[in-house]
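**Q** Can you keep this structure in mind? I'll have questions shortly.
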Amino acid sequence: MGKSDFLTPKAIANRIKSKGLQKLRWYCQMCQKQCRDENGFKCHCMSESHQRQLLLASENPQQFMDYFSEEFRNDFLELLRRRFGTKRVHNNIVYNEYISHREHIHMNATQWETLTDFTKWLGREGLCKVDETPKGWYIQYIDRDPETIRRQLELEKKKKQDLDDEEKTAKFIEEQVRRGLEGKEQEAPTFTELSRENDEEKVTFNLSKGACSSSGATSSKSSTLGPSALKTIGSSASVKRKESAQSSAQSKEKKKKKSALDEIMEIEEEKKRTARTDYWLQPEIIVKIITKKLGEKYHKKKGIVKEVIDKYTAVVKMIDSGDKLKLDQTHLETVIPAPGKRILVLNGGYRGNEGTLESINEKTFSATIVIETGPLKGRRVEGIQYEDFSKLA
């Protein structure tokens, strides 16, 4: 094989080395050439082609910088539009994906020194919506394509037309109801109590269908009985009716008295059950660290929450080492104690109440607790989820 053969081990090794990204300090933007090491970069800088390119750039350096800046901006915005659309995304995520292409324009050849400066420039020029957060800068592409704007206008027009149709239908129904009610007097129904002035007076019911046979049977039976029997039956029936009326009145009064308090209690408890929050940290509870970013020293270790900052962040003192760490609640989880130990409810209707763990249901990932503080002291609550309570220190 020849020295420069395509399949020689050296040629294959050179191709493998040249794949992917190389160090930025050994890249020449003017010649768009990437060198693999310092010696190669030094040889390239001494080459005739590089010197000739530098002479051309020294005649009008601003023109070259404007060209690289424009190429960088166009490629960056094209990637943002094609990859993320109009979604809000971290600028560093877009930049990392952009520089993964080997032939990209490097930022040190443009008019922007840092990615933050470039992000601010995009916001000033109205090319993107930018906002600064504690986690960094976020950008959102503004799509000004005429075809996209036309589609958005058509969607808005269609939504408006649908709303207009619904309003017309509702008005038509109201008009029909109003016409149907015209000329008719709406009398409010009046309710009267069922009472008898005379105990011996007969009670009669007027039934429309199916009452002929029953009435005939009752009339035949009544004809066989004498007048004294009818009186005794009527008197006993009247006594039973009076007793039933009194008992029903008493039960209604009890229900009314009961509903005055019970309904309020039920409403309040229902409000509490449904009023869940997305934060659960409380002081003096024991938590477990679940993130691996802090290393094996703290992973799966327990600590006590000493302070809660802005509802979502806690200062945790480690039980083993005594170290204090500032952690987000997403890096922590609750600790389930043994039955009989004291716990604190962190979320749901009984939030903030202390209690005792009675039992654990591993199938439903829930527990049964007994409330020990507050107005609900002594109440036994079932179905409390694992993430809604934690062991007290």
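Quick reminder: no glycine exception, Cβ is built from N, Cα and C everywhere.
What TrEMBL says about a protein is an automatic prediction, not a curated fact.
What TrEMBL records for this protein is below:
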- 52-178: domain 'DNA/RNA-binding protein Kin17 WH-like' (DOMAIN)
- 177-187: compositional bias 'Basic and acidic residues' (COMPBIAS)
- 177-260: region 'Disordered' (REGION)
- 194-203: compositional bias 'Basic and acidic residues' (COMPBIAS)
- 208-224: compositional bias 'Low complexity' (COMPBIAS)
**Q** For the domain 'DNA/RNA-binding protein Kin17 WH-like' (52-178), what is the mean per-residue pLDDT, to the nearest integer?
**A** 84
**Q** DSSP-wise, what's the residue breakdown of the domain 'DNA/RNA-binding protein Kin17 WH-like' (52-178) into helix, strand and coil?
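**A** For the domain 'DNA/RNA-binding protein Kin17 WH-like' (52-178), the helix, strand and coil counts are 88 helix, 15 strand, 24 coil.
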